[in-house]
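Here is the structure we will look at.
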Amino acid sequence: MPDKAKMEKGHISIHTENIFPIIKKWLYSEKEIFLRELVSNAVDAIHKLQHINLIEGLQLEDEYAIDITVDKDAGTLSIRDNGLGMTADEVRKYINQVAFSSAEEFVEKFKDLDDKNQIIGHFGLGFYSAFMVSDKVEIFTRSYQSDAAAVHWVCEGSTDYHLEECDKAGRGTEVVLHLGAEEKEFLEPFRIREILKRFCNFLPVPIRLAGDVVNDQNPLWTRSASEVKDEEYRDFYKKLYPLADEPLFWIHLNIDYPFNLKGVLYFPRLTTEFDVAKSHIKLFCNQVFVSDNCPELIPEFLNPLQGCLDAPDLPLNVSRSYLQNEPQVRKIREVISGRVASKIVELAKGDRADFVPVWENIHTFVKYGMLRDDKFHDKLKDHVIYRLAGSQEYVTLPEYLEKAVAKHADKVYYTNNEAAQSTYLKLFANQGMDVLVLDSLIDSHFIQFLEMKNGKVAFQRVDSDVTENLIEEDPKIQLPGKDERKARLDRIRQLFEEAIKTDGFSVRVENFKDDSVPGMVVLSEQTRRLQEMTRMLGQGDENPFGEHTLCLNGKSPVVDTIIGLKDQGRDEDAAMLMQQIYDLSMLPHCAFDRERMAAFLERSNRILCKFGSLG
Ligand SMILES: Nc1ncnc2c1ncn2[C@@H]1O[C@H](COP(=O)(O)OP(=O)(O)OP(=O)(O)O)[C@@H](O)[C@H]1O
C-alpha cells in the first residue's frame, strides 16, 4: 500500500536537527526569495506536466497558471499551481527526503561561509525556504495520474510531519504558508506584487495575484531577434529601467552552442550618476531572476552594459569564487565582449554621422577595453574614430595616416586642449595639416598603447616641436643677403637669451611659413610625457616646466621691431616686448602664479597704452 496516506505521522530523518533555525538565521537578509523558490517549483510542476502531456497525449485542456492568494484573517499566503501534483509516495520522496536532504546539504555546504551574500540570491534552498517566513507549512496536492488520491502534508517547523488523504479537487499543488508573527508584511498584496515583479516578472507561466496576471511570460530575449522591432527593444529597456534615457544600442544574444545563453544587452547613455564600477546586468536562470550583480559574467570594461542575461546551464547554487574559475563563465565573458565588439564595428561601418554621437558616449569604455583585452583591440583597432581639431569631422587612424603620408608619414599630430593650444593649431591649419583631438582622461595611456601596437607610428602633440612642415626650407643655393639674414637671426637669439633669465630656458630661431605667430614654447614629446608621468606618481619637481625652448619666428614683424628698438637704444621697450612674447608662449603650458600674472597684465596694459598713443 505504498501510496496510502490515511493519517501518517512521521519523522524526517536528517542529520542536521537544527536545520530550521539555521535556515531562518542565515537567509534572514533576503528572506523574500522563498516566494521565488515556491513559484519556481510551481512553474517546474507545470512544465513537467506539459512535457508528459506531449509524450503521453493526455489531452489536458487546462489553462496553465499559478495563483497566489493572501488571507489576512487566517494569516496565510498560498501558492497554487495546476501542474503535475504529487502522490503520497512522491511527497514522501520529494518533500520528506529529497527536499530535506538538499536543504541539509545546503546548510552543510555553506555553514562556514563568512560572507552570506555569496549564497543569498542563489539557488539551492528550494521548498524549505518557506520556513524562513512560516511557522507552519501545508501542502495540498493531487497528482495528474487518474487514480491518485489527493494528500495533505503539514509540518510545523520541526522534523516531524503529518501526511493524510484529503479532498482537494483538481490536479496540482497548493502550498499554504502560515506566516510567522513577524512576517505579516507578506500578507500585503503590494509587497507580494513587488517580490513577484522582482523575481518572477519574466517567468513563462501566468502568475495571478488576486486574479490579475503580474508577469510578462514572453520576455524579449526568448524571442528571435529577427522578429523583434526596434520599438520593442526600447520599450523593454524602459520596462527594465523606467528612469533611464533611451539606450544607445543593443545586442540580442541567442546562443545554443557550446552553451545556452540568451539575453538582450543595452549600452545606456551615461550620465554622471551612472556607477561604472559595478555590473548592471540582471541575471536570470530559465527566466527566474537570480541577481542583478553578477560581475563574473561581464568583462569589467563593459560594466556600463545593462539588460538581461539568461544562462540556464550555469551552476548558480555555488559560490562566487567557483564562478570566477568556471570555464563556462570565462567563455560567456568572451562571447559577450566579442559580440559587443562586432556590434560596434557594425555601427562604425554604417553612416558615420549616426555613429559619432554613439562613439562620444562609449569611446572611453572602448579604449579601456582595447587596453585590457587584446581580442577586443584587434577587432576594433581600425574603427576607432578621432575628431579633427577645429572641425566636426571624424577620421579613423588608417584614414588619417593615409592622408598624411605625403607630408608627415607615420606621424600623428594631436591636441589635448584645443583652446590652450589654439596658436599651434592655427599654424597647422594654415599649412593644411590635420590634428586629432585626444583630450579625454584615458587618451594619454591610449596614445602610448597605440604606439606600442603600431610600431612605426608616433604621436606628437602640436606644441611638442615646430615641425619641418611649418618651417620654411633653407634655400640650398647661396642667395644674396643670406649672411645678413643669418646675422639678424643670431642677434635676436642673443637678445632673448640676455632678456629671459629662467632656468632651463633656451631659444631657437626659425623662419615659420606663417608670420602671424611671433614664437612658441616647445617641449619635446618624450620630455613632456616623462614629466607627466612623474607628476602622476606624485613626484613632480619644483619647477614643473623644466627644460624648454622658445622657438622664435624670424619672420615675425615683432622681431624687426625688437631689433629696431635695440638699435635706437630703447632697451626697456625691447625687453618689455621680449618678455611679453615669452609669457604669451608660456601661457598655454602652465598656470602663472599670482606675481607673474600681475606682471603679465601690467605689461599688457603698458603695451596697449603705447600702441594707443601711436594713433
Ligand atoms: N509545486 C510542486 N508541484 C510538484 N512537485 C513539487 C512542487 N514543489 C516541490 N515539488 C517536488 O519537491 C521537490 C523538491 O523541491 P525543492 O524546491 O526543495 O527542490 P528542487 O526544486 O528540486 O530544487 P531547487 O533547489 O532548485 O529548488 C521537487 O524536485 C519536486 O519534485
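Glycine residues also receive a Cβ, built from the backbone N, Cα and C atoms like all the rest.
Note that TrEMBL annotation is computational and uncurated.
DSSP classifies N41 (ATP binding site) as helix under the three-state reduction. Residues or ranges marked as ATP binding site in TrEMBL: E37, N41, D81, M86, T173, R320.
The Cβ of M86 (ATP binding site) lies under 8 Å from the Cβ of Y94, I95, I139, T141, S143, V151, T173, each of which sits 6+ residues away along the same chain. Highest local Cβ density among the binding-site residues N41, T173 belongs to T173, counted as other Cβ atoms within 10 Å over all protein chains shown.
Under the DSSP three-state reduction, M86 (ATP binding site) is assigned to coil, being neither helix nor strand.
Around E37 (ATP binding site), taking its Cβ as the centre, 21 other Cβ atoms fall within 10 Å, counting all chains. A sphere of 10 angstroms centred on the C-beta of D81 (ATP binding site) encloses 27 other C-beta atoms.
Under the DSSP three-state reduction, T173 (ATP binding site) is assigned to strand.
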